[in-house]
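I have a structure I would like to understand better, so I am pasting it below and will then ask my questions one at a time.
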Amino acid sequence: MNFQAGGGQSPQQQQQLAGGPPQQFALSNSAAIRAEIQRFESVHPNIYAIYDLIERIEDLALQNQIREHVISIEDSFVNSQEWTLSRSVPELKVGIVGNLSSGKSALVHRYLTGTYVQEESPEGGRFKKEIVVDGQSYLLLIRDEGGPPELQFAAWVDAVVFVFSLEDEISFQTVYNYFLRLCSFRNASEVPMVLVGTQDAISAANPRVIDDSRARKLSTDLKRCTYYETCATYGLNVERVFQDVAQKVVALRKKQQLAIGPCKSLPNSPSHSAVSAASIPAVHINQATNGGGSAFSDYSSSVPSTPSISQRELRIETIAASSTPTPIRKQSKRRSNIFTSRKGADLDREKKAAECKVDSIGSGRAIPIKQGILLKRSGKSLNKEWKKKYVTLCDNGLLTYHPSLHDYMQNIHGKEIDLLRTTVKVPGKRLPRATPATAPGTSPRANGLSVERSNTQLGGGTGAPHSASSASLHSERPLSSSAWAGPRPEGLHQRSCSVSSADQWSEATTSLPPGMQHPASGPAEVLSSSPKLDPPPSPHSNRKKHRRKKSTGTPRPDGPSSATEEAEESFEFVVVSLTGQTWHFEASTAEERELWVQSVQAQILASLQGCRSAKDKTRLGNQNAALAVQAVRTVRGNSFCIDCDAPNPDWASLNLGALMCIECSGIHRHLGAHLSRVRSLDLDDWPPELLAVMTAMGNALANSVWEGALGGYSKPGPDACREEKERWIRAKYEQKLFLAPLPSSDVPLGQQLLRAVVEDDLRLLVMLLAHGSKEEVNETYGDGDGRTALHLSSAMANVVFTQLLIWYGVDVRSRDARGLTPLAYARRAGSQECADILIQHGCPGEGCGLAPTPNREPANGTNPSAELHRSPSLL
């Protein structure tokens, strides 16, 4: 059955699509408030009931462990975002809907953790993540809905992502049904929407059944929303989906603020009147411990750089142009030609129409702040011919160009220029410095610098001399003149341009007439008024003019008397790097060139400011490191040396997790790194994984193990001689004379170690590692399993346990029965910190890539994390 979305709606459905939600579905604020109060007040009675049940547990150790977990849950509830998050932190609320076959859970999991999980979550989930839009951080609330959209869901969301599987017809039909249901509760024009088709389940046994035309037809029926095809297995377009939907929400909010009028008291994040019991997000295990790429840096690899103030002001006019256009608009853009001859009102009208079309282009990616068709002089051929290029300027400091609009949309054959290492020049004049406001006399920015950021990563062609990837560019600073100051000395004009042809020579050597102060006065006017300075005839110049006429496709009269030809051939600007590389571009009008030049200058300024802010972040990082070291000092027992009780110790033993005085640290160094890894608390660097170990342990915990059986011995004091301290330290750590005894058990030490990891018992783990041999600490979970304690700690994303196990000799290269290393478990658990530790110590990564294919999963569909949940019962 071929499903035709949008066809055959009932009158009621048509009314819902056109006029918004019926009145009877209006959500009562009073009822929502009462429901939220009831939900909130019901939490603590249930927690107190759990405490009463805990008291009935006879095993005191188990009782204390459960109590600690409940206390942690209670603290997390009491300190939820509604009570602690600053009012200045804006939120973006995104709902994900689709049936169980859509692949939406895998899409969300890939975005949050960078890994692929095949199972679909029937109950959905609630997740949080930081996302950056236009240089500002937002708290992204992701609500994976387990069923169709309900009234409370519709009132909560800022945007909706509809998900279906390209190999499942039912999931495709479900999308439109869910859309109609959403429209019955909420006006569709108020909610940005994105349609996603997932490729995860496509295989030889499950071929694709939804072709591209049907999917795009559905996206048109869904209020012309953007359509993406994603693959959670390899991460295709996953990041782009969430970045795009966030940009749509931000753009819609700014558009609504502009519609209200200028008001400085507007809140950063609009509040919704509906609050319900289901709006408290739950914590996901893979979300809590991810600290990598990146932490969350990898997930935010498309984070935009800090935009300049001038860009924000200039982009206000077309802030609504944030959604990716439909294929109809793309086709109409291809038929336009902005280089045709125009006169009078027709010129202005057609120019604005062409610019509107250009600014609305963007297939499946964020809209650049400026884009359009320019002529670019080739740097490869001998004749230096001019060719049309589709040029885009993004707020990440990159200027990109493609042979055609089609290549740009397909993201192929593109080259990029890093503006941080360049400057922009106009042959024949010295440019003013970029300023936030529009220069007087220039035309309005009809191109409307859009707020949206481009996440596109363009692959530069190899061997092109103008490709930014072909050389390391060191830029020249932008010109520092703040305004056009009239005629300048001739020498300054000579230095402000790149002389490479007869035409450029004429522009570079021409002096401006007195009184000409406006920067929009192009070199063409100077040339036409100064015939004495024309250069000698050059065959290269004639060929250049001929090629330009040919490339524009518009016949023009030849001869020096044609002012139109001279004007159209002189709107050139050059991007120059300090290494001597040049990129020559030409616009169709002087106004368009001014827009491009000022936009490029603004991006150069923003890139330079971004470098300065990076230094500020480094300084701030040093302050944070000092605070972290201070946190280590405040750990229980760390006020005194672990061996001699000297006050205020400032040296540390990493694998012991303890602090010591400088004299004892010298003795520890002689023990060897296999017994004590010494580091200065103030002079050395402290990466996060080492700080985690030090703050988790401390002198009190360490001495409860290493001095757990002192008997009649007494430890030396701060004033004891060095020989006495050394005898004590060697007896304590080398001979292990005072080591606390192991608890009586028939279970082998290696199996106890596995249990300690699963039960998250740090003191028992340290004791077992101190007693165990290398063979015992490397004992596996079972003969047919092959997992070591390091596999389990990596699967639990436990950074402290992972680091301690490696220090005490657990083999990082060990593999389980399926050939997976601990690194594979860490990556599947979404822990970048554990993965970094394992890689640093030589854990192999083959067979455990970031995007495992579905056939690497077990036959029963489980993964290591799921097996881990059964580990306590198996142990």
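From the backbone N, Cα and C atoms, a Cβ is placed for every residue, glycine too.
Quick paste of what Swiss-Prot says about this protein:
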type	residues	note
BINDING	98-105, 142-146, 198-201	GTP binding site
COMPBIAS	495-512	compositional bias 'Polar residues'
DOMAIN	87-261	domain 'GLD'
DOMAIN	367-605	domain 'PH'
MOD_RES	Thr324	phosphothreonine
MOD_RES	Thr326	phosphothreonine
MOD_RES	Ser443	phosphoserine
MOD_RES	Ser538	phosphoserine
REGION	1-23	region 'Disordered'
REGION	428-568	region 'Disordered'
REGION	853-875	region 'Disordered'
REPEAT	748-777	repeat 'ANK 1'
So how many of the residues in the repeat 'ANK 1' (748-777) end up helix, strand or coil by DSSP?
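Tallying H, G and I as helix, E and B as strand, the rest coil: 24 helix, 0 strand, 6 coil.
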Which value does the mean pLDDT take for the domain 'PH' (367-605) in this predicted structure?
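Averaged over the domain 'PH' (367-605), per-residue pLDDT gives 59.
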Would you pick out, from the binding-site residues Lys104, Arg143, the residue whose Cβ has the largest number of other Cβ atoms within 10 Å?
Lys104
Could you check what DSSP calls Gly146 (GTP binding site) once collapsed to helix, strand or coil?
coil
Fewest other CB within 10 angstroms, which one of the binding-site residues Gly98, Gly146?
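Gly146, out of the binding-site residues Gly98, Gly146, has the fewest neighbouring Cβ atoms within 10 Å.
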Only counting partners 6 or more residues apart, tell me which same-chain residues put their Cβ under 8 Å from the Cβ of Ser101 (GTP binding site).
Glu120, Ser165, Asp168, Ile170, Ser171, Ala201
Counting every protein chain present, what is the number of Cβ atoms, excluding its own, within 10 Å of the Cβ of Asp200 (GTP binding site)?
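So the number of other Cβ atoms within 10 Å of Asp200 (GTP binding site) is 22.
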